[in-house]
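If you look up TrEMBL, you'll see 26-47, 53-72, 93-117, 129-146, 229-250, 271-295, 311-333, 354-379, 510-528, 540-561 marked as transmembrane segment.
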Amino acid sequence: MEKGGGSAAVGGSCPQKNAEILSSQYGINLFLAGLLLTFAWAVHAVGISKSHLLSYLITLMLIQLLWMLWYLSRSCTQRRLIRDKDTHAGARWLRCGITLFAVITLILDSFKIGYYIDFSNCLSPTEGIFPVTHAVHTILQVYFLWCHAKDIIQSFKTLERFGVIHSVFTNLLLWTNGVLTESKHQLNEHKERLITLGFGNITIVLDDHAPLCNCTTTTLCSIFSQGIYYLYPFNIEYHILASTMLYVLWKNIGRKVEHHQQHKTPFKFHGITVGMIFGLIVLTSTIAIVVVYLIQIGRSKIKSELALTMFYLHAIFVLALMCTAGIVALLIYRLEERSLDNSKNPARKLDAELLVGTAAGSWLLSWGSILAIICAQAHPKYTWYNLPYSVLVIIEKYIQNLFIIESIHREQEKVNDDIKTLRIVTISRGSTLSLAPSYKEIYNGRVARGRGEVPCLVKGSICGRENHAGGGAKEETSQENSSVMHSASDFSFYSGNSVTNNKRRVLKNIAAFLFLCNLSLWIPPAFGCRPEYDNGLEEIVFGFEPWIIVVNLAMPFSIFYRMHSAASLFEVNCKT
């Protein structure tokens, strides 16, 4: 176990690399054991019950709680020490987002506690202990991430690697458990709806884990059981965000950072009105489409087909707009000449990898739909809308990933230091020194025209004007020529600056529009509007069970992609 800042010797890197490998292997084995336990419960394996899975998760959460308490107590005792920080990790807007998801997760835990109380006669005690432990875990973890997400740990590095990677995979297992529970609920509803679309040849066997006893309060039980599944999408996003933030903390352990000032990038609504308006229109229309879809789907064959057609047409229109906006943004980048920031940055590297990796989930579903449309013998009318929809999903993610990854790697535009620190000193006729106003006034031409002085915009120079005897005519001619030159330089400066500002304004509006569009496209799959389930054509071509397995594996990544893209676009808007 290392203590202190770490040795600069070459041999010091070997134990650190070994500690990283050992901790990562520990985390992977921890995750695989939990994953198999989750799978065994899902398929009703003999001898495996839900209480075994919950006991495993409770144990992992308790171990993480002990580690976080130890870390927080040690941080309090070493409060006076100067700690290195990764300014790119744990942005304020990201911590605010995870706090919002955590609050909704606490509401979910309270619903689970109420559900357990109503069915306490036939439920295992672990189902009551789990939400209580999870609530405490959520509160402490959010506090930990708010205070220490930016830390670069330089002491007890081996122990901290195991503690952080344990936390990463604990959150991944809780995410997996939430995804599986929510997917089983969606699958049961999907099986019940398929019959209305005329797919009677598919055997409907509900995979239900409902309690075997009666509820003590029927109304409350109905509220709790239905409310839980509407809150699961937020719980799922909370755990995946927490795991990504903790992973960045793990990658930063023992890292040497360059100490340079990080420019703050606050979010401003100024200048993004157009993008916000169009984005809000997409958001409100999407919510309306989802509500109508969930009401109509499964009622009858005609209503289900109309609901699917309506969804596809709306999605095609939105995806086409997003593709156009992304292409315009990339064209603007091609016209600009700005260098890329290639410095080592774990948070930025993880963002890019997650964008491409999670987009593969949507691409898999889209290619499956395209292949089903090509190979199917019969094509109901509504299934043809699935073809342009699937093609646009592939293209839109491709373009959006290019835009986001290039945006987060572009260096922030800085004000020229020569202009920023410029202070003009003029020598007046009376040989007295006076400080000219700010550079903005100089460029506006107020100083030169008001005082008859010619500012010299050369670094380190003092602008003077000599008063020669008998040289009035020359002086007047010199002033006229200088005024002409000054006006030309003003025009050139403002023309270039105006073009740059217009480009930035367009890029900010595009980022704001894409941000709201990604939030809009996150809503349908997160709340049960999944045409991949309800279309029915893919089940005929690939078979019911194989296609459902593909959808259940790919859909969580597709959902996470939209939320992660929205978070990345928010950062892009702040940086632009």
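Note that Cβ sites are derived from N, Cα and C of the backbone, with glycine treated the same way.
Where the annotation comes from TrEMBL, it is an automatic prediction and has not been curated.
Since we're looking at a predicted model, the values are computed, not measured.
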Beyond the flanks of the transmembrane segment (229-250) by at least 6 residues, Cβ under 8 Å: 23, 86, 89-90, 94, 97-98, 101-102, 104-105, 107-108, 111, 138, 141, 145, 148-149, 151, 153, 161, 164-165, 167-169, 171-172, 174-175, 178-179, 181-182, 185, 346-347, 350, 354, 526-527, 556, 559-560, 563
Long-range Cβ neighbours of the transmembrane segment (129-146) (under 8 Å; 6 or more residues past either end): 54, 57-58, 61-62, 64-65, 68-69, 71-72, 90, 95, 98-99, 102, 105-106, 108-110, 112-113, 116, 167, 174, 238, 242, 245-246
Best-contacting stretch, by C-beta pairs under 8 Å, relative to the transmembrane segment (311-333) and drawn from 26-47, 53-72, 93-117, 271-295: 271-295
Same-chain residues near the transmembrane segment (53-72), Cβ under 8 Å, at least 6 residues beyond its ends: 30, 33-34, 37-38, 41, 124, 126-127, 129-130, 133-134, 136-137, 140-141, 144, 147-148, 160, 163, 166-167, 170, 173-174, 177
